[in-house]
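Visitor: Before I ask anything, here is the structure I am working with.
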Amino acid sequence: MQLTESPQVILDCQNVLGESILWDDRTNQLWWTNIHAREVWCWAPGQQISPRIYAMQQRVGAIALCEGPGIALALEKGFGMMDTATGAVEWCADVESAVPDTRLNDGRVDPAGRFLCGGMHEGSPQLPHSALWRWEGNNQVSLCLPHVSCANSLCWSPDGKTLYFTDMPEGTINAYPYNPDTGEVGEPRLFADLAEQPGLADGSVVDEEGYLWNAQWGGARIVRYSPDGAIDRIVSLPIDNPTCLTFGGPQRDVLFITSAWWGLTEDQRQQQPFAGSVFAFRPGVRGQREHRFHR
């Protein structure tokens, strides 16, 4: 890929709500979900091969690479495993099945191989009726954080001892002490306040230097924060709603970005023809390797 320091479209896929993008360093492929279309996508950048699109029976909020075969799924009301050869889905664990108007929304695997995923309330206004959940081996699911309205920005510091997380409507990104051995989450501190910023915190990823990159929904930009929460860099985009980020490429020196046209008016869609595309650029720093789920 002939990429520069400026983001460019690498796949004009018109996703309704692209999310949860991941780089598989074993196969050199990107995985992501198109939530409202009920699809999971897989694509190898730089190859003249069309993406493979897996049709799902329900929306998939987040996905995870696995140590063994398959892809882990955060479905609307629980966790499952997808066979990448056939697309068949095995249901593994219920989550919030008795709670109305919620679904799982954003997740990532921690350094020890647990799949953490938070939900969202789809009503208006959004209410803190969902939570952040931990899925471990033997299909054990436990509560990490209660009272969540819309979970986003899950990622970890390079040493695994800080979890970054946002409850999106609050307009902040918080940092939590994290125990990689147990998966326990401590009391939060404010990491970044977006109150005076043009967007809300959506997906995040941390680079090898410990800086957090955040896609800002409605802000038309990616922001890099230093470990103390100060803004280090702002990267503008030609679309309002970037959604999620992952470092990839053979050297993990490319930042890939999903986006959405969901929520735009018809006039805005005309003005933003690449909304819903996958973007990429070279940020001048390498990312961490994505952790894999240990089922």
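The chain as shown is numbered from 1 upward.
Cβ coordinates come from backbone N, Cα and C, glycine included.
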Visitor: TrEMBL records GLU19, ASN152 as divalent metal cation-binding residues. Which of ASP101, ASP110, ASP193, ASP202 is assigned to the same site?
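Guide: TrEMBL lists GLU19, ASN152 binding divalent metal cation, and from ASP101, ASP110, ASP193, ASP202 it also lists ASP202.
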Visitor: Round to a whole number and give the Cα-to-Cα distance in Å for the pair ASP202 (active site, proton donor/acceptor) and ARG103 (substrate binding site).
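Guide: Answer for this pair: 16 Å between alpha carbons.
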Visitor: What does the structure give for the C-alpha distance between ARG103 (substrate binding site) and ASN152 (divalent metal cation binding site)? Integer Å is fine.
Guide: 13
Visitor: So which other residues, same chain and not among GLU19, ASN152, ASP202, have a Cβ within 8 Å of the centroid of the Cβ atoms at the divalent metal cation site?
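Guide: Everything else in range on the chain: SER20, ASN105, ASP106, SER153, MET168, GLY203, ALA215, TRP217, THR243, CYS244.
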